[in-house]
Amino acid sequence: MKIGILSRKRELYSTNSLVEACNARGHEVRVINPLRCYMNITSHNPSILYKGEKLEGFDAIIPRIGASITFYGCAVVRQFEMMGVYCVNESVAITRSRDKLRSLQLLARKGIGLPVTAFAHSTQYTEDLIDIVGGAPLVIKLLEGTQGKGVVLAETRNTAASIIEAFKGLEANILVQEFISEASGSDIRCLVVGGKVIASMKRQGREGDFRSNLHQGGSATQVRITPEERSTAVRSAKIMGLGFCGVDILRSNHGPVVMEVNSSPGLEGIEKTTDIDVAGQLIDYIEKNAQPGKTKTKGKG
């Protein structure tokens, strides 16, 4: 097979791991920087060019689209879909998962456990937002934040109101969420491939930090997940329409609650923590499922 990996950085652990898994199985693999692609958008012969060369003959694409390039990266993925190339994660699913508010609304509609979340346009409803999530302490999140950035724990009501008004003064979109204190600064990252949880780890925030992201200095250990947590992760991936993703779950007093569904999860932390060949299992999944034109949206975006 000829497999393309859309990634801006060939040297990243995740990209390297996928390249090695492709090579080990005898596939032709190419790392493509999506920002260096440009497109001929035409009705009968859509194409993608890369430094003057047409990108042709690909059997599958693995999108590794960073949050900062979601718009252009998804346009490139969509173009591959229009050309009939199988994409592990479709453009519409990536876009859906990157919108925190839209994700929560879709998950809520299907009955997935979530932290109580409030959202408003105007600061005149700040007190109501705080009441909706049960008062302080509470969590305030920038909708555009990633890797734990733009996430603040407000310990008191006055602090919460000040932070909300400060963010709104910058015209930032924010979510206000209940603080799950019983999680004690930890979460569960479940990696889902093709509707199955293939690996999971517990991430613990560093001392004094409620954020468990490894990018923020957290640590990781192996964990045995419950059947309910497994079901929650699988259902969340399906609702988002993602063939490959990381589902972040908190253990609350009322069962598992989903914090995020990540369409481009890092492989380093979970592969090193669990000794599971995640990249290899993803390539195995592609081998079984890659067919020309096999997109749920049929390239319609």
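In case you wondered, yes, glycine gets a Cβ from its N, Cα and C as well.
Look at Swiss-Prot and you will find 104-287 tagged as domain 'ATP-grasp', backed by sequence analysis.
For Lys141, Glu178, Phe179, Asp187, Arg211, Ser212, Asn213, the entry in Swiss-Prot reads ATP binding site, with the evidence type sequence analysis. With a 10 A radius on its CB, Glu178 (ATP binding site) counts 19 other CB atoms from all the protein chains.
The Mg(2+) 1 binding site feature in Swiss-Prot is assigned to Asp248, Glu260. Secondary structure at Glu260 (Mg(2+) 1 binding site), as computed by DSSP, is strand. A sphere of 10 angstroms centred on the C-beta of Glu260 (Mg(2+) 1 binding site) encloses 19 other C-beta atoms.
DSSP assigns Asp248 (Mg(2+) 1 binding site) to a strand in the three-state reduction. The Cβ of Asp248 (Mg(2+) 1 binding site) lies under 8 Å from the Cβ of Asp187, Ile188, Arg189, Cys190, Val258, Met259, Glu260, Val261, Asn262, each of these being in the same chain and 6 or more residues away along the sequence. The Mn(2+) 1 binding site feature in Swiss-Prot is assigned to Asp248, Glu260; the stated evidence is sequence analysis.
Taken from Swiss-Prot, the feature Mn(2+) 2 binding site covers Glu260, Asn262, and the record attributes it to sequence analysis.
Residues or ranges marked as Mg(2+) 2 binding site by Swiss-Prot on the basis of sequence analysis: Glu260, Asn262.
With respect to Cβ neighbours within 10 Å, the binding-site residues Lys141, Asp187 differ, and Lys141 shows the lowest count. Note on the domain 'ATP-grasp' (104-287): mean pLDDT across this stretch is 92. Look at Phe179 (ATP binding site): DSSP puts it in coil.
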